[in-house]
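Heads up: the structure comes next, in structure tokens.
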């Protein structure tokens with residue numbers, strides 16, 4: 001069951017081929033077997049088994065709550081979870097247990113989902129590698145895949161394989177790794193500048209950033225309020241649509257959510273491709289883009305064209321300003337949001353009692369890492385009275401121009417934009433840490449940041465394996481609140497490319513036999 005889609009497993013639960021408790025136990029077993037990945041900060045084993053027991057009772061009575069009832073899920077550790085520690089991978093919140101659930105978490109639980117645990121991330125979601133949290137870096141499951149190891153054996157001579165583990169991307173790397181390694185069927189991430197799509201591309205899974213305002217941010221510990229969106233990570237586009245259909249909708253606790261009722265996100269089949277127009281932004285063809293990603297991007301465009309879709313080159317002229325603009329706005333909001341962590345009400349508090357100011361300073365020095373402190377300093381600099389007009393206000397004006405670029409393109413008749421998600425495949429950790437956090441984030445989120453500034457929906461879909469045997473994903477960008485159309489196109493693309501399943505037999509020991517046995521169990525579902 002673990003290698004199947006959410007919809008397939010939901011059907012198996014309804015047919016009695018497997019019970020929620022059995023499913024939960026298998027996932028818990030895999031979490032332990034794949035502990036080397038460091039995907040989870042907290043594993044809520046006791047709570048998950050209790051939830052599975054309740055789900056089992058409902059199935060026996062024929063009272064299933066829906067497609068998510070009895071399905072194991074994971075949640076990034078910057079979403080509040082009642083009774084479960086929520087740390088943001090920071091000393092500042094280590095030991096903090098929220099008294100309430102984030103709206104998206106509550107919606108999952110209300111549908112009968114089993115919460116397996118809280119996943120690892122960059123501290124306060126500030127990073128693009130999931131390497132900068134206090135619990136250590138997340139390792140990409142593809143580091144241990146048969147596909148990657150076989151390619152490495154051909155090129156390495158006596159090198160230690162374990163020293164060449166790959167980053168997951170970030171900051172939602174724990175959630176991406178958890179889904180990729182079959183420890184859950186869906187996971188929540190957060191996406192401020194690509195933090196769901198980036199690790200999805202590196203881990204070979206689907207990463208969806210919904211339209212800003214479609215999904216509630218209540219209970220998501222904020223990084224950048226005007227750009228943060230709860231993200232969804234699954235193994236196929238259909239599963240992402242199922243989860244989005246449950247999470248979307250107005251929340252009175254989040255004034256930025258849309259007022260209109262949301263229809264279920266059922267994805268129709270694309271039949272008449274001649275009515276579809278795909279835009280290729282010329283500014284995204286950058287010198288830093290790897291030749292393999294560029295080649296697959298061209299192949300994807302040719303695929304749409306060969307099937308009858310109209311594929312045209314478009315211009316997003318202010319793209320080159322997006323990195324600087326994003327940095328100014330992001331750090332400014334970070335400085336404001338991080339002010340709440342002062343050691344008085346919750347979280348870490350230092351032992352200094354010389355004065356209130358000394359206590360504030362020591363608490364924040366001990367609680368935040370260098371990356372967080374650096375962004376707070378930058379943000380406060382941009383917000384100084386003498387700098388406000390020259391930096392923050394100008395960045396807001398550029399943000400408006402970036403958003404208008406997208407509006408102009410979509411108004412010209414383009415339905416969906418097709419772009420790379422990342423510059424290259426996942427890189428080894430040793431290579432990744434040569435650059436500082438700010439430089440890495442600017443490079444790795446080059447194609448994803450502008451989407452957040454414009455509030456648009458975007459999804460990363462894995463396309464193929466590189467020559468190194470690693471996943472490469474492409475990004476689809478849609479019109480605001482046209483998430484269903486976006487996912488319909490992405491689903492068609494996913495079906496055409498047939499991305500291969502990760503082979504993790506070496507890492508999971510006896511789990512390969514489990515997957516083989518499950519093929520027989522699913523014969524009745526076909």
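FYI, residue positions are counted from 1 along the chain as it appears here.
Backbone N, Cα and C atoms are what each Cβ position is placed from, and that goes for glycine too.
Heads up, TrEMBL stuff is auto-annotated, nobody curated it.
What TrEMBL lists as active site, charge relay system is 76 (among others).
Residues or ranges marked as active site, charge relay system in TrEMBL: 171 (among others).
Per TrEMBL, the feature active site, acyl-ester intermediate maps to 195. Taking Cβ-Cβ distances under 8 Å and a sequence separation of 6 or more, the neighbours of residue 195 (active site, acyl-ester intermediate) in its chain are 125, 128, 170, 171, 172, 189, 231.
According to TrEMBL, the domain 'Amidase' annotation covers 27-145 (among others).
Look at TrEMBL and you will find 166-487 (among others) tagged as domain 'Amidase'. Mean per-residue pLDDT, taken over the domain 'Amidase' (166-487), amounts to 95.
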So for residue 76 (active site, charge relay system), how many other CB atoms are inside 10 Å of its CB?
32
Applying a 10 Å Cβ distance cut-off over all chains shown, what neighbour count does residue 171 (active site, charge relay system) have?
38
Structural state census, the domain 'Amidase' (27-145) (DSSP three-state):
41 helix, 19 strand, 59 coil
